[in-house]
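Just dropping this structure here.
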Amino acid sequence: MVKICCLGAGYVGGPTMAIIALKCPAIEVVVVDISAARIAAWNSDQLPIYEPGLDEVVKSCRGKNLFFSSDVEKHVLEADIIFVSVNTPTKTRGLGAGKAADLTYWESAARMIADVSKSDKIVVEKSTVPVKTAEAIEKILTHNTKGINFQILSNPEFLAEGTAIQDLLNPDRVLIGGRQSPEGQKAVEALKAVYANWVPEDRIIATNLWSAELSKLAANAVLAQRISSVNAMSALCEATGADVTEVAYAVGKDSRIGPKFLNASVGFGGSCFQKDILNLIYICECNGLMEVANYWKGVIKINDYQKSRFVNRVVASMFNTVSGKKIAVLGFAFKKDTGDTRETPAIDVCKGLLGDKANISIYDPQVTEDQIQRDLSMNKFDWDHPPHLQPMSPSAIKQVSVVWDAYEATKDAHGVCILTEWDEFKTLDYQKIYDNMQKPAFIFDGRNIVDLEKLRKIGFIVYSIGKPLDPWVKDLPASA
């Protein structure tokens with residue numbers, strides 16, 4: 001019986017291993033983590049992450065061939081294939097701070113694998129790592145081998161939060177990078193055999209190690225670039241009276257371009273896009289490719305510009321000040337169908353409004369008050385480091401309240417900011433919201449999900465990204 005062990009019980013490790021267990025009943029899968037609390041959550045009725053469909057998969061396999069344990073060394077010792085899915089956060093200090101990936105956790109995982117292993121192992125990079133990480137890991141393992149043979153593979157994940165289970169069940173492609181040696185190719189075939197239990201063979205792509213590592217960064221960079229491209233257009237649409245939705249639809253009809261990732265918004269978020277592009281920039285700089293680095297910097301620059309542009313629209317529209325005004329924020333997660341708030345645009349928007357002394361009332365169906373307060377009081381990039389390395393959370397921000405109902409959030413508000421495209425926000429009773437708000441009542445739609453004409457008929461002054469401007473907003477400066 002093949003035994004698989006996954007180091008790291010997070011957004012990648014948990015769902016990926018659950019699907020492998022579901023589709024490969026002959027394989028024993030153990031997910032290990034040094035956090036006892038996280039493992040306890042995976043073994044409970046309340047899983048530590050929210051992902052549609054995950055609950056059913058875990059509960060159908062748990063205790064049969066899927067296990068969650070904090071006895072890391074025991075399961076590493078017993079495993080044939082070890083997936084390493086630990087954090088690779090952005091460095092916050094030292095060489096490459098603010099750009100380079102911090103490989104501390106990867107390195108300690110590799111050293112631990114070398115220490116406890118007594119048989120040959122296939123070690124699979126599942127975390128997103130900088131190009132050539134495999135080389136560093138190989139060096140650690142081969143210098144501590146005690147005669148054991150380790151093969152390193154790169155098997156990057158291409159999951160989108162909110163659809164991770166479907167992405168795993170029906171992937172566009174599974175990418176496996178390995179050494180071109182006979183041993184390397186044998187290891188590639190062994191991992192291929194696992195995925196072949198449910199993935200058609202023509203979707204399993206074998207490459208060299210460096211191509212696999214770089215493909216993940218490249219895919220995220222290109223997706224983020226598409227969002228920044230359409231967001232840049234949204235500013236021009238507002239200036240000229242064009243409608244960004246119509247422009248994006250027309251552009252997406254070109255079969256060379258396609259319609260996906262062309263929705264204008266308040267900006268992209270999530271744990272990968274910014275981090276991976278910063279990583280890509282750092283690698284380009286280290287290789288002396290300054291023009292390439294500057295090209296990718298532009299993608300992040302537009303994303304930051306879009307968030308500050310949104311805040312400026314809010315403040316400028318409301319008589320150039322939100323000081324002491326109640327602003328309702330609907331949605332805090334970086335996108336719908338996930339409770340994930342990593343790098344969510346809502347953080348920067350809320351901080352911008354707080355900077356002008358607004359009182360903010362936040363409602364999100366999946367994000368807790370504790371999480372929101374932590375996010376708003378943390379420094380950039382600290383979210384990706386273990387809790388004990390994060391700065392001690394200061395007392396809750398007094399101008400922020402978190403409520404569990406959209407109507408409560410919007411009651412007596414001067415303005416409403418929609419920052420996540422949750423389906424429920426499309427079907428709210430906006431007449432009721434309008435009746436209970438201060439007048440003039442403003443709605444700032446950062447996700448283009450509301451019916452503009454309907455809301456304007458009710459009496460709202462509406463700003464929607466990249467749409468022809470409300471007469472009220474038209475004559476105001478674009479920045480406060």
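From the backbone N, Cα and C atoms, a Cβ is placed for every residue, glycine too.
Since this is a predicted model, take the numbers as computed values, not measurements.
OK, TrEMBL features for this one:
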BINDING   8-13, D33, R38, 86-90, 127-128, E161, 272-275, R342  NAD(+) binding site
ACT_SITE  C272  active site, nucleophile
DOMAIN    328-452  domain 'UDP-glucose/GDP-mannose dehydrogenase C-terminal'
Which has the fewest other Cβ atoms within 10 Å: N87, T90, Q274, the binding-site residues listed?
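Taking N87, T90, Q274 as the binding-site residues, the minimal 10 Å Cβ count falls on N87.
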Just to confirm: which same-chain residues, 6+ apart in sequence, have a Cβ under 8 Å from the Cβ of G8 (NAD(+) binding site)?
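The list for G8 (NAD(+) binding site) reads V31, D33, V84, S85, V86, N87, K126, S127, given in order along the sequence.
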Using a 10 Å radius around its CB, how many other CB atoms surround Y11 (NAD(+) binding site)?
22
Do me a favour and check the Cα-Cα span between the residue listed as 'active site, nucleophile' and E161 (NAD(+) binding site); whole Å is fine.
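Cα-Cα distance, the residue listed as 'active site, nucleophile' to E161 (NAD(+) binding site): 11 Å.
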How many other Cβ atoms sit within 10 Å of the Cβ of C272 (active site, nucleophile)?
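For C272 (active site, nucleophile), the count of other Cβ atoms within 10 Å is 26.
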Determine how many residues of the domain 'UDP-glucose/GDP-mannose dehydrogenase C-terminal' (328-452) DSSP places in helix, in strand and in coil.
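Tallied per class, the domain 'UDP-glucose/GDP-mannose dehydrogenase C-terminal' (328-452) gives 42 helix, 19 strand, 64 coil.
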